[in-house]
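Here's what TrEMBL has on this protein:
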- 1-63: domain 'DEP' (DOMAIN)
- 122-222: domain 'Cyclic nucleotide-binding' (DOMAIN)
- 263-401: domain 'N-terminal Ras-GEF' (DOMAIN)
- 542-775: domain 'Ras-GEF' (DOMAIN)
- 1-21: signal peptide (SIGNAL)
Amino acid sequence: MIGAEMIDWLLTLFVSTSTTSSSLSRIQMSAIWQVLLNNGMIAHIDGEHEFMDKTNSYYRWVQPYRNRNKVAPTIEEVSKSTALLSSIAPETLFLMIVSKPGFERSPEELEVVYEELTFIKALSHLSTMVKRQLANFVKVEQYIHAGSVVFRQREIGVYWYIVLKGAVEVNVNGKVVCILREGDDFGKLALVNDLPRAATIVTYEDDSIFLVVDKHHFNQILHQVEANTVRLKDYGEDVLVLEKVDIPRGAALENSNSCNFNCGYSVMAGKAEKILEYVLETRIDALSDDISEIDLFVEDFILTHDAFMPANTVCNFLKSYYFRTPYRATRDSITDSCTEEVRCKKRVVQFVYIWCSMLKINFFLNPVTNSFVEELFCHVIDDRKRLGGMEEIMTRIGAIRTSRENMQLVLARHPAIVLDCGVLSARTPCPILPSDVCNQIIYLADTTCFVLPIRVDKTAEEICELSRRRMSFSAEPLKLVEVKSNGEKLIFSPTDRAIPTVLSLNSKLYVVNREEIPMLVPMEDQNGPTPTTHSSILHLIDSQELAHQLFLFHLQLLRATDSNELLYQVIGRESFPQSMPFNLDLLVRRFNEVQHWSTTEILLATEDNRVEILKKFIHIATIAREYRDLLTVFAITLGLSHTSVSRLTLTWNKLPPATFKTFSELENLLDPTRNHRMYRLLVSKIATPYIPFVPLILKDLMFIHQGNKSFYNGLVNFEKMHMFAKIFRNFRQCKSHMNDTTDHQYVEPQSLIRNLRVIDNQKILIQLSYGIEPKTAKRTVVFQ
């Protein structure tokens with residue numbers, strides 16, 4: 001077989017059997033053949049270890065094809081095989097490329113390395129430019145056996161290491177101080193400070209693989225970063241730090257037909273006002289009149305400004321910029337000054353137009369930005385009387401004002417009921433507004449209760465005061481306490497908001513005085529359903545329809561959730577008292593609910609139908625994947641992977657091998673290695689709209705927030721904001737192309753799946769599991 005012809009054949013096979021719109025390049029096809037070469041399925045006639053896409057490279061099958069009379073494989077079987085090889089190939093391709101010297105890597109190979117570097121946790125804080133430079137220099141080192149010494153304490157530092165696979169022990173003066181695992185890095189300090197190694201590093205696992213950058217290239221990258229950094233100063237202090245980049249962040253800079261790469265500047269850090277000024281003066285003018293493509297830097301600012309520049313500060317700066325008086329040197333420059341004055345006003349109005357177009361209802365929910373639109377409209381009306389060239393600005397502010405009037409109608413709707421005694425209402429508002437209501441059951445220390453209508457934006461202190469009117473005693477201070485099903489008690493701060501939407505499943509809310517808190521214990525009904533009282537909806541609805549209705553409901557919850565709510569949740573809800581993530585609360589609550597539901601159903605099923613229930617859940621997850629409902633897919637997968645279910649060896653052994661294999665494939669998508677690389681590859685190929693794995697999004701944001709300061713020396717760390725904005729943009733993108741007409745095709749089934757009865761007490765789940773199978777045995781599944 002000839003290498004190039006093998007690639008051609010595999011490309012044709014992939015196109016003819018693929019069920020997706022994605023395509024693979026020749027280099028990716030080479031990686032698939034490399035997988036087969038590495039595993040001894042094929043061999044080069046001269047014993048070469050690298051597969052070559054060439055006409056003079058010859059290969060043969062190591063094992064001859066047997067059972068020639070066997071029925072040819074079906075298209076589905078071929079598709080599954082190519083999909084499996086495609087999922088393995090990227091890792092092989094990456095290692096194959098980084099094993100080459102940098103000067104031998106083609107532009108396409110450098111792009112592959114760069115894409116893989118974006119999945120590595122230790123490099124997540126680095127800029128795009130630095131990662132692209134690393135793609136030229138990074139190499140690979142492999143240690144076969146655990147206990148191998150990578151370097152010793154007090155040696156001269158030569159390399160910076162990143163753990164790609166395996167783990168290492170950090171040993172200082174003969175004592176192990178920590179273990180570093182995949183995604184961690186070490187050895188950088190000695191290179192930066194030019195000092196001896198501070199510790200001895202020993203491999204902790206067999207077959208540990210590291211990416212390494214030598215000292216020369218490490219310093220070269222540092223020098224290039226500094227050379228490409230521009231610092232703007234005001235009175236001797238840095239006010240704006242820019243980085244020269246080859247690939248611009250802004251879409252407005254990508255309109256050049258002469259070259260795919262342009263030179264631009266990305267903001268690394270700066271004073272908040274200076275960053276906004278830079279946005280206005282360098283990005284707004286380049287935008288097209290119809291705003292069909294919004295500059296990504298403008299998007300980054302709008303999506304993240306709440307983290308460093310509140311809306312009132314933004315509006316105040318925009319107002320001062322709107323009235324900025326141009327410097328007039330001579331009488332001849334009066335015309336130019338008027339033109340510049342109009343240009344400043346246009347920039348402000350254009351920015352506000354983009355701002356409200358992106359945030360939509362959330363822009364007008366904020367009383368500051370809402371009133372600023374009316375104020376800005378009045379200023380434009382006045383300026384139109386004395387300045388020429390204001391017609392376009394007038395048209396734009398008119399469009400903003402029309403949007404405001406339309407949104408005011410939405411905001412003025414009658415308050416809707418979100419949760420009725422802990423149960424999602426039949427028509428959950430989309431989105432939830434601060435004026436919406438939850439009919440919350442309030443319990444007292446003696447377990448008596450009453451229903452209290454509460455606006456979702458009420459504080460814990462306000463809820464206590466509203467409850468006081470229903471209580472016999474009045475003077476003493478009251479506390480709002482959540483009692484969970486496992487007995488855990490959470491005392492809310494007086495300023496906490498959105499209480500009903502953050503309550504855990506099966507929790508109860510108490511209003512008591514401080515002395516009564518120790519007396520609070522879970523009630524019997526908080527344990528969830530029991531084998532005698534449980535009635536499963538799985539017997540009422542088939543898998544296809546159930547997966548479809550789950551998808552429709554989750555799509556509704558996703559549509560209501562804005563990326564701003566992700567920011568509020570990660571930065572800290574207490575920092576945004578007027579902007580609570582109500583909709584995100586329900587989305588996260590739903591994920592937990594579906595996860596516990598799958599666990600509960602398996603454990604409460606009868607002996608006769610437990611295997612059938614397990615098969616049905618795996619089938620539902622498979623169909624949900626086809627619907628691109630990843631929330632359902634991973635909630636069910638995690639629920640079935642829960643210890644209480646995964647230990648049911650006898651049940652799993654009765655599962656058909658094909659079904660178990662399907663579940664294993666779903667579990668592989670949750671593989672956390674390489675920063676959840678399998679999930680991210682899945683998402684990169686999936687069409688929109690899709691329902692994302694929300695807990696992982698929150699985990700990514702929390703990792704960025706905790707690993708990067710928001711301010712350095714009084715400057716906003718805008719590199720952190722770029723990382724935030726990338727995730728927010730992806731979250732917004734997954735909601736694109738939603739079809740509003742598909743919301744409620746089957747009303748009755750959807751009413752059944754809105755509220756699922758679950759057990760969330762881990763102790764009870766384990767007890768039920770041991771009641772089913774007292775002893776554990778090794779799971780043995782034979783694939784056919």
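Just so it is clear, glycine is given a Cβ too, placed from its N, Cα and C backbone atoms.
Please treat TrEMBL annotations as automatic predictions, because they have not gone through curation.
Long-range contacts of the signal peptide (1-21) within its own chain (CB-CB distance under 8 A, at least 6 residues past either end) are made by residues 29-30, 32-33, 42, 51-61, 75, 78-79, 82, 685, 687. Helix first, then strand, then coil: DSSP counts for the domain 'Cyclic nucleotide-binding' (122-222) stand at 26 helix, 43 strand, 32 coil.
If you take every residue in the domain 'Ras-GEF' (542-775) and average the pLDDT, you get 91. Helix, strand and coil counts under DSSP for the domain 'DEP' (1-63) come to 28 helix, 8 strand, 27 coil.
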